[in-house]
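Record features, source Swiss-Prot:
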type	residues	note
BINDING	S17, S18, S19, S147, S148, G149, G150	FMN binding site
Amino acid sequence: MKKLLYITVNSKPEKLSSSKTIGRAFISRFVELNPEFEIEEVDLYKDFIPRLEHKHFSGRSSVVDCETASIDAKTKEEVKRIIELSEQFKNADLYVIAAPLWTLSFPAPLKEYIDCVVQNKITIKVTPEEVKGLLDDKQREMVYIQSSGGEIPWLTKGIFNKGLNYVEDVMKFLGIKKFHQLLVDGTGFSIEEKFKAEDKAVEKIDNVIKDIHFSNKG
């Protein structure tokens, strides 16, 4: 089966989070149309995501060998988790990230997660001559779902969407060339504004799915 890796980065319960509400609607609809996909989920506020430290590494983006390195049990478990997250990321076909817009970017746990999954000999290759992504070995695509309280004018999206732009740049460097966005703009201050923004985003879901290369498109 193909794998859809669903990554959320919001501490709110799903029903209170617009990004997670639309994320759930998206993956449910996608799997309805593409039942050959299985879903794996990572909640960056609930799951253990190590904060990278020098003790985890033996070289540039290269974690230590747990079998030979002189490290304590806690560090060994952290290194194993870093490798596990990176391997899980490598094994996926479709990635869906659901995140709110915070301070022109995204919540900090997403950056810590990205740092974990970008590892030498798993998702990138690091040599003295070059650093290159390794995820161009098969068809992979990403959908970035972002909620924001206000409407972001088209002309200023490059200024205010620094988080989205950063994620797109990193994924393309890794080898994930097709990047789709689903914006939940204008969630506002009232429950009515929130529901209206979510309804508008739900209407966009099928069009995003149609652009995904390996989708059955309904």
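Every residue, even glycine, has its Cβ placed from backbone N, Cα and C.
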Using Cβ atoms only, which residues of the same chain lie under 8 Å from G149 (FMN binding site) while being at least 6 residues apart in sequence?
L101, G186, T187, G188, F189
Out of S18, S19, S148, which of these binding-site residues shows the lowest number of other CB atoms within 10 Å of its CB?
S148
Per residue, counting other C-beta atoms within 10 angstroms of the C-beta, which of the binding-site residues S17, S147 reaches the highest number?
S147
